[in-house]
Amino acid sequence: MRALSQDYYIALCTELIEHDRRYYVLDRPTISDYSYDMKMRELQKIEAQHPEWKVPWSPTIYLGDRPSGQFPVVPHSHPMVSIANVYSLEELEEFFSRTEKLLGYFPTYSLELKIDGIAVAIRYENRTFAQALSRGNGVKGEDITANVSTIRSLPMTLPQDAPEEVEVRGEVFLSYQAFEKLNICQREQGKLEFANPRNAAGGTLKLLSSREAAKRNLDLSIYGLITNREEHSHFENLGLCAHWGFPIAGMPKQCRTKEEVIERIREVEGMRSRLPMAIDGVVVKVDSVAEQHRLGLTSKHYRWAIAYKYAPERAETILQDITVQVGKTGILTPVAELTPVLLSGSRVSRASLYNEDEIEKKDIRIGDSVYVEKGGEIIPKIVGINLAKRSPDSKPWKMPSLCPMCHNPVIKERVSVRCTNPLCLGGMLEKICFFASKGALNIDHLGEKVIAKLFEMGLIRSCSDVFALTENDLKQVPGFKDRSVHNLLASIAGAKEVTLDRFLTALSIPFVGSSGAIALADHFGTLDKVMKASLDELLSIEGIGQKVAASIIDFFSKTENVEEICRMQELGVRILPKQVDRWAPLQGKIFVLTGTLQEMTRLQAEERIRSLGGKISSSVSKNTYAVVVGREAGSKLKKAQELGVQVLEESDLLKILNQN
């Protein structure tokens, strides 16, 4: 049993805010909706028990979506709040009781499929499509008109019997078929695949190119008409929308009793696996618009609607084998190879096993009949074992003592197992993929699939080999024509001039990510100084601790790493030294950002501070110049106050940036 404390409460708030960021901003959630909702309920329960602990930035107060900073933010005509979730018939009964108590009678309900997509508000002027907004924070949303206009099922004009001004609410989604085609395209281009259709739809709506958005075949289902007229029911309004040409994929149905509601929920669950798009439940709405207006809404949810959510889809299949992959830093990761099974609209044949300890903890064995579930990740996970089907001859699985790629010994490091060979081919393939990726050197046309082909043909075996590729080499690659060869060689040539921080990131130094690389570049200015840095010099840098400093020294002490860097330079790679403008207005001043900014993203703020000579740190110390606080500022604000460090509101930071 976890001990309940205020520190745990704060940690839970922080965790949920991070999950909100991954879900709404990055479109790459790492937990399932069910897991998120269970954590949110735990938070609500703690706040009910300890109201004195409740912080003003609690995720129970605000509505999720944050602006990406790429599109104009526009106020909604009517609040666009979310719908509360329930996971059991008992909780649904509580909703019925609350509603009946407020109205004085049991109302008629309208039920619709809860399509797993992105909510949008769509407005028409003079019966012509005028604007589309994302949900945003419920009060304001981003203007995504250009991308929504690419949806083929969206009518551009309405018939003459429609009002001149119309606003509808709907869900933008990708069908399973469109999602599968999109991920095939992503794989072929060496790009990261989307975890699920919802993430893909969200990512598409945030594309800056509507031409690219059009290629992805988004779809739309309208679920509401904004109206003050109360003579029609919600169900009738959806009928009007259908008459005007709007797509209604939610299969609405009126239910006049609890029994009818429950029967419909079970009916939809039975057809769930046969639907062409992802759904995660059924939305239950009070059908009368007049009754909806009487019931109103809270700061986060409508009182007249509830979403009955189904448990995450899971499937049972056979664990045929456990293979081991080698990552870019040499870490061995076990992967479950499964008998292919259909799950959430796609065929699943692999599942994540994380590490040896996880396998041992769950006692997962080859040959087991296992339950797999898809959460927020591309690769599903094993959530259980059908022990009744386990063979009496099965044996516990053990991590190999030799690397499966190079057959050198491996060593155990806490929970991970690492190959001891720095030149391991498995690790090198992953290292080259990262080296060329968007987060490192960003070499266009050199995706994972192309790198795998080059590696398989023996044309590359190290990162420096990328810069040695010739026209004749590339013409040997199957499917590579003159234009492909020209484009890739041009991209490689362009990558030969690289900033110090990006080059350091691309080297895959253990424990050194992009922020650590920026800190090193800011402090030392040149690669030569970084390579010769002492432990004390490294430890003096804000954000560099003992573990990271030791890793940097170890990396540059190895002959093979130094030789690799020298070869790159011989092949024409020019590492641009960090230019230090000693007259820059924020030169040397350390900033810490905490909370959510409203006028710009955190990344944009960090870039602007760095452009004026400032530095970014993740922790507050006596050396911090200022802590910039946004919405839901956390423990860093408290630490700044304790140390007497200057605290700036976002408006204060904007004044400083705009003045310079």
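Placed from the backbone N, Cα and C atoms, the Cβ positions cover glycine too.
Record note: Swiss-Prot gives D33, Y34, S35, Y36, D37, S82, I83, R135, E171, K285, K309 as NAD(+)-binding, and the candidate from E112, E193, E260 in that site is E112. All chains included, 15 other C-beta atoms sit within 10 angstroms of the C-beta of S35 (NAD(+) binding site).
Cα to Cα, C419 (Zn(2+) binding site) and S35 (NAD(+) binding site) are separated by 34 Å. Sequence-ordered, the extra residues of this chain that approach the Zn(2+) site, with Cβ no more than 8 Å from the Cβ center of C403, C406, C419, C424, are V326, G330, P404, M405, H407, N408, V410, T420, N421, L425, G426, G427. In the three-state DSSP scheme, C419 (Zn(2+) binding site) is classed as strand. The DSSP secondary structure for K285 (NAD(+) binding site) is strand. Other Cβ atoms within 10 Å of the Cβ of K114 (active site, N6-AMP-lysine intermediate) number 23 in total over all chains. Around the Cβ of D37 (NAD(+) binding site), a 10 Å sphere holds 17 further Cβ atoms from the protein chains shown. Secondary structure at K114 (active site, N6-AMP-lysine intermediate), taken from DSSP and collapsed to helix, strand or coil, is strand. Taking a C-beta cut-off of under 8 Å and a sequence gap of six or more, I83 (NAD(+) binding site) has these contacts in its own chain: V283, H301, Y302, A305, I306, A307.
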